[in-house]
Amino acid sequence: MMHRMLRVDHAGEYGANRIYAGQMAVLGRSRTGPLIQQMWDQERKHLAKFNEILAENRVRPTALLPLWNLAGFVLGASTALLGKEGAMACTVAVEESISEHYNSQIRALMESDPERYTELLQVIKEFRDDEMDHHDIGLEHDAESLPGYWLLKNAIQLGCKAAIYASQRI
């Protein structure tokens, strides 16, 4: 269970980094650039921490990282091409999915052995809170005003669920 959990968390943070890289490639010099950069900086810290945790626990990353590298960047850049609202809609969708996933992991660790997983629980809770902040920032910056927002959000979240499923196993 622990290896699958760490593998998918690392993959999710890796993918989030690539999404923000794609958004910055398109919107980095716009007024929205500093906001995206701020969120990306937090995601970089998350990824660095999961790189450390994977090494400490001798967990291999998912074999799908090359796919998440390309898919994340393309998702970030393509939604940013829709403008600030598109980038923020993507952020809302992804961060909501990640937050829900982290919440399910917190529940599983609490049911399993909370004392054994104290440090990991603290990391996951902190990162979940950061993801929810990013989600809220997206909403505050007009994500829902994008035409077709609900369709885009649901499509991205379906992709997130598929990525989570695959990354746990491959």
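Each Cβ is built from the backbone N, Cα and C atoms, and glycine gets one as well.
Over in TrEMBL, the protein carries these features:
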| type | residues | note |
| --- | --- | --- |
| BINDING | Glu13, Glu43, His46, Glu131 | Fe cation 1 binding site |
| BINDING | Glu43, Glu95, Glu131, His134 | Fe cation 2 binding site |
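Positions of TrEMBL features highlighted on the structure.
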residue	record	Cβ neighbours (10 Å)
Glu13	Fe cation 1 binding site	22
Glu43	Fe cation 1 binding site	25
His46	Fe cation 1 binding site	22
Glu95	Fe cation 2 binding site	26
Glu131	Fe cation 1 binding site	27
His134	Fe cation 2 binding site	26
Can you list, in sequence order, the residues of the same chain other than Glu43, Glu95, Glu131, His134 whose CB lies within 8 Å of the CB centroid of the Fe cation 2 site?
Ala16, Met39, Gln42, Thr91, Val94, Ile98, Ser99, Asp130, Met132, Asp133, His135
I need the CA-to-CA distance for Glu131 (Fe cation 1 binding site) versus Glu95 (Fe cation 2 binding site), whole Å please.
5
Work through the binding-site residues one by one (Glu13, Glu43, His46) and name whichever has its CA nearest to the CA of His134 (Fe cation 2 binding site).
Glu43
Fe cation 1 site shell beyond Glu13, Glu43, His46, Glu131, criterion: Cβ within 8 Å of Cβ centroid:
Gly12, Ala16, Asn17, Gln42, Lys45, Leu47, Ile98, Phe127, Asp130
Cα separation, Glu95 (Fe cation 2 binding site) to His46 (Fe cation 1 binding site) (Å, whole number):
13
How big is the gap, in Å, between the Cα of Glu95 (Fe cation 2 binding site) and that of Glu13 (Fe cation 1 binding site), rounded to a whole number?
10
